[in-house]
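Features reported for this protein in TrEMBL:
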DOMAIN    1-124  domain 'Dihydrodipicolinate reductase N-terminal'
BINDING   GLY7, CYS8, ALA9, GLY10, ARG11, MET12, GLY97, THR98, THR99, ALA121, PRO122, ASN123, PHE124  NAD(+) binding site
DOMAIN    127-263  domain 'Dihydrodipicolinate reductase C-terminal'
ACT_SITE  HIS154  active site, proton donor/acceptor
BINDING   HIS155, GLY164, THR165  (S)-2,3,4,5-tetrahydrodipicolinate binding site
ACT_SITE  LYS158  active site, proton donor
Amino acid sequence: MKIGIVGCAGRMGRMLMNAVLEAPGCQLAGGTDRPGTPTAGQDLGALLGRAALGLTVGQDAKALFAASDAIIDFTAPAATVAHAALAAELGKILVVGTTGLTKDDEAVLAQAAARTTIVYAPNFSVGVNLLMALTERAAAILGDDYDIEIVEMHHRRKVDAPSGTALGLGRSAAKGRGVALDQVWCKSRDGHTGARPKGEIGFATLRGGDVVGDHTVMFAAEEERVELTHKAASRAVFAKGAVRAARWAGSAKPGLYSMRDVLGL
Ligand code: NAD
């Protein structure tokens, strides 16, 4: 499978190119980055600290789509929306890891998916997606005698809280209980909060150092406590998951899929 990387000069773009080069049966079709990037024209191998690959950082997304079977996009919402239109026009597989998409942006992805195969996930780690499936199941089995609290820790540079993944875990827990997360969530606590309401799903956020991403979902009852934990050690895990999604999409019908579809969860 020939895989192209848009946003190839970014932190995830570089991880993604390494993951493609290391995946059996995959070939790097090329990479593009935003207009005006100082990396324009650089050899992709040199960008990765590897031997030259004879492919350079391009700016013509359409040419890259035409030369690829699948494109992986971890860029920014405006770029992703434009890439979705190209994927639909040229009938190419698109794997989207960009976060911060609005409802309107997501609607564009859904429209494009009528014509081609798109996999879209805010977290491509296999372990986190398994954790989401386990959380939904545990919440359904344990019921609301078990108080659900979600604790996450990330590096000091992270700007949003709770993390998108923590909120995703909250949605999984709420789904397991048959409720809407925004009806039961408590995203932070401070001061005289009163007793914990039954059925609440609570969040706690820690920030510090270089932590890539730790998440724990706790189910606390009076007699026992169940804890499900995932710890990411490297951002490479997201890149590997995205390449796995691209390979899976090679045999999927047009449509909009999530990482849970890819993993059969
Ligand atoms: P980054 O800023 O290092 O990289 C983004 C790259 O996209 C930059 O090189 C930028 O120049 C490029 N870009 C912007 N507009 C472009 C365009 N029109 N065409 C081509 N390239 C363009 O950021 P990052 O840390 O690599 O993260 C990128 C995105 O991936 C963010 O939205 C982040 O939240 C998300 N992310 C998702 C996952 C996941 O598992 N889904 C994991 C990590 C990061």
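First residue shown is number 1, and so on along the chain.
Using N, Cα and C of the backbone, Cβ positions are placed for all residues, glycine too.
Bear in mind that TrEMBL entries carry predicted annotations, made automatically and left uncurated.
Bear in mind that the values here come from a model prediction, so they are computed numbers and not experimental data.
On the 0 to 100 pLDDT scale, the domain 'Dihydrodipicolinate reductase C-terminal' (127-263) averages 96 in the predicted structure. Close contacts with ligand 1, defined as a Cβ under 6 Å from any of its atoms, occur at GLY7, PRO122, PHE124 among the binding-site residues GLY7, PRO122, PHE124, HIS155. Of all the recorded positions in the record (ALA9, ARG11, LYS158), the one with the smallest CA separation from THR165 ((S)-2,3,4,5-tetrahydrodipicolinate binding site) is LYS158.
Within the domain 'Dihydrodipicolinate reductase N-terminal' (1-124), the DSSP-based counts of helix, strand and coil residues read 47 helix, 27 strand, 50 coil. For the domain 'Dihydrodipicolinate reductase C-terminal' (127-263), the DSSP-based tally of helix, strand and coil residues reads 55 helix, 36 strand, 46 coil. Same-chain residues that are not part of HIS155, GLY164, THR165 yet have a Cβ within 8 Å of the Cβ center of the (S)-2,3,4,5-tetrahydrodipicolinate site turn out to be ASN123, GLU152, HIS154, LYS158, ASP160, SER163, ALA166, GLY213. A separation of roughly 23 Å, to the nearest angstrom, links the Cα atoms of GLY7 (NAD(+) binding site) and HIS155 ((S)-2,3,4,5-tetrahydrodipicolinate binding site).
The full span of the recorded NAD(+) binding residues, GLY7, CYS8, ALA9, GLY10, ARG11, MET12, GLY97, THR98, THR99, ALA121, PRO122, ASN123, PHE124, taken as their largest Cα to Cα distance, is 21 Å. Spacing of ARG11 (NAD(+) binding site) relative to HIS154 (active site, proton donor/acceptor) is 17 Å (Cα to Cα, whole number).
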